[in-house]
């Protein structure tokens, strides 16, 4: 029987506010077994960029990463946000190790080609070194992964945290029974976005497509669910979308084939 592993992705809103960060650290530390944490940090990057006089440009909710912005996100994601989380977990007895994709070549990416939009120094994941992560995990290390990768040519690349979580979970599913948890500001996928208790407990691909056609699921939840189904089809055992405060309670929406 294969060992179980939980990959948890948390957004910047959770890790950038003291109260929600403290709860996350406590809840994550309480999760037993092997685990990996992937975090965002976009709001902090926008704030620091503004303080440095650098304008943040967004298209369809995604950051345009020019050379100056790349310096900011590298500092903020790989430094400020990541090390705050690592220090907090160490204080709770979790042997956390902060990583970007460049560290030990754990995630290699390719710079996104220019199509309708030039996103700049943004990376699309090519390879995750699952054996390296597994070696760390078996030594009792808990990887804490920032949303940064590299191209192997000396360039850092800004990379979507949802994508890093999904690609990491898929790669590790060759070695573990992986549960991928996307933490969100809602209790799960909702039938009615104005009713926080209208959680859909389970959702299949066919049901998802029908919900999209009916307008029940829309906006940013669509790519999140697309990533979830892709992970399931690639061998991830289970995908859950839930509140960050519910990660230890086994609640939320479960994604089924």
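Here the Cβ of each residue, glycine as well, is placed from N, Cα and C on the backbone.
The substrate binding site annotation in Swiss-Prot covers 41, 42, 63, 158 and rests on sequence analysis. Annotation source Swiss-Prot lists site 'Transition state stabilizer' at 9, 224, citing sequence analysis.
Each of the binding-site residues 41, 42 was scored by the number of other CB atoms within 10 A of its CB, and the lowest score belongs to 42.
For residue 9 (site 'Transition state stabilizer'), the same-chain residues lying six or more positions away in sequence with a CB closer than 8 A to its CB are 37, 38, 39, 40, 161, 162, 164, 165, 180, 181, 182, 183. Rounded to a whole number, the C-alpha distance linking residue 41 (substrate binding site) with residue 224 (site 'Transition state stabilizer') is 17 angstrom. Cα spacing between residue 42 (substrate binding site) and residue 224 (site 'Transition state stabilizer'): 17 Å, rounded to the nearest whole number. Each residue contributes its Cα atom, and for residue 158 (substrate binding site) and residue 224 (site 'Transition state stabilizer') these two points are 18 Å apart.
Counting in whole angstrom, residue 63 (substrate binding site) lies 17 from residue 224 (site 'Transition state stabilizer') by their C-alpha atoms. Across the residues annotated as binding substrate (41, 42, 63, 158), the two Cα atoms farthest apart lie 12 Å from each other. Every protein chain considered, the tally of other Cβ atoms within 10 Å of the Cβ of residue 158 (substrate binding site) stands at 26.
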